[in-house]
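Enquirer: I'd like to ask you about the structure that follows.
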Amino acid sequence: RYNDYKFQVFRHLLVATHGKIDDGVCVCVSQQQQQGIGRPSVYHAVVVIFLEFFAWGLLTTPMLTVLHETFPQHTFLMNGLIQGVKGLLSFMSAPLIGALSDVWGRRSFLLVTVFFTCAPIPLMRLSPWWYFAMISMSGAFSVTFSVIFAYVADVTDERERSTAYGLVSATFAASLVTSPAIGAYLSAWYGDNLVVLVATLIALADICFILLAVPESLPDKMRLNTWGAPISWEQADPFASLRKVGQDSTVLLICITVFLSYLPEAGQYSSFFLYLRQVINFSSTTIAVFIGVVGILSIVAQTLFLTLLMRTLGNKNTVLLGLGFQILQLAWYGFGSEPWMMWAAGAVAAMSSITFPAVSALVSQSADPDKQGVVQGMITGIRGLCNGLGPALYGFIFFLFNVELNTMDPIQGDYNIDPIPLQSPTEVPPPPPTPRRRSDRYRK
């Protein structure tokens, strides 16, 4: 009877501290302290994506300046090589990080990917050589999209998923609509150092937002293990998961589609503004307006039109329609010779932006809930590979045809500076930082 009394007291203590007892086993109601603000939602992912790519978008003009100062004779070739190494590392690491996020949750890997992706930003003005080296190596962690899309898959059902992916992609487009123009303005009037400082502060704000505001999205019941618990390599091995996913013919076909569609796009983006400037004779102001208009149209396409098309045509047909728009815009840009043709092709390019969120929704529906990180990592890894191969291929083509930027345009405004010839290779200093140029516009 005394032992029964002790058991009842112990039972009441367990119920008071842990929640309830089912068949003699303690069931913990609150296993861990709630982290972040509110319940996990798509809007947490949207803020993370916006801040990260807004910070990098600010550096568009300063990065071109540093790139030309550091590699004056083979600018596009070196840019292609740097992006190629980054893309290759991204391709190799994205499935691994996606698979590990299926094991330990999304929040920790969001923090890791954003931190290492933004780590090179302060080095831009401190040491250009270290900056470009860090950019290349940061490809191993530049896979935020794979974790973000897995995060979104955790907090949405299949009917809402395509719309949520469209919102994330539209946010990415919105960050690139405003940030390059803001960065160019700040660079022209206040110098590149201020732009780098602002970008660094925004990156730090993104990291703090993840630490303080982003809650974990992966339910405890879906985690294979938790921090501090023993874990075997067989459980965490991403290649074992990749082999299982690779047996799905639908996922494999989607991966091939992503590679064949994104490779020309990545190369196009790396040389597009130079093409508009030197072939179509767009001014810097016209290019900035062009970016803004196409970006706004892309936001509309990825929010309103994507949802409508997914409901009427279905997922697969929406992907096919997006690929059709992509073929049309690439051909139009290639054969067009008048400025109005570029504007029309830009509208078509905005409609082609529905392809990636539709593909992400399609591959998400084809995978199990506990494999979302793996499959999204595969898609992001392939995009990362294309982000490396595309600029490398186009940079090599520029190199073959001797297309380089040799002089810098004078600044228009309160200060008029004559064009400054770029340095020769022998004048490029080693690791210490190089002098800053004031102008952000170039000509062939």
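Residue positions begin at 1 at the first shown residue.
Every residue gets a Cβ built from N, Cα and C, even glycine.
Sharing the record's features from TrEMBL:
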- 41-444: domain 'Major facilitator superfamily (MFS) profile' (DOMAIN)
- 42-64: transmembrane segment (TRANSMEM)
- 76-97: transmembrane segment (TRANSMEM)
- 104-123: transmembrane segment (TRANSMEM)
- 129-152: transmembrane segment (TRANSMEM)
- 164-188: transmembrane segment (TRANSMEM)
- 194-214: transmembrane segment (TRANSMEM)
- 251-275: transmembrane segment (TRANSMEM)
- 287-310: transmembrane segment (TRANSMEM)
- 341-363: transmembrane segment (TRANSMEM)
- 384-401: transmembrane segment (TRANSMEM)
- 419-444: region 'Disordered' (REGION)
- 435-444: compositional bias 'Basic residues' (COMPBIAS)
Enquirer: Average the per-residue pLDDT over the domain 'Major facilitator superfamily (MFS) profile' (41-444) and send me the rounded value.
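Expert: 77, rounded to a whole number.
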Enquirer: What residues in the same chain, six or more past the boundaries of the transmembrane segment (384-401), come closer than 8 Å to it by Cβ-Cβ distance?
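Expert: 74, 76-81, 83-91, 94, 139, 142-143, 258-259, 262-271.
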Enquirer: Among the recorded stretches 104-123, 164-188, 194-214, which has the greatest number of Cβ pairs closer than 8 Å to the transmembrane segment (76-97)?
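Expert: Per the Cβ count, the answer is 104-123.
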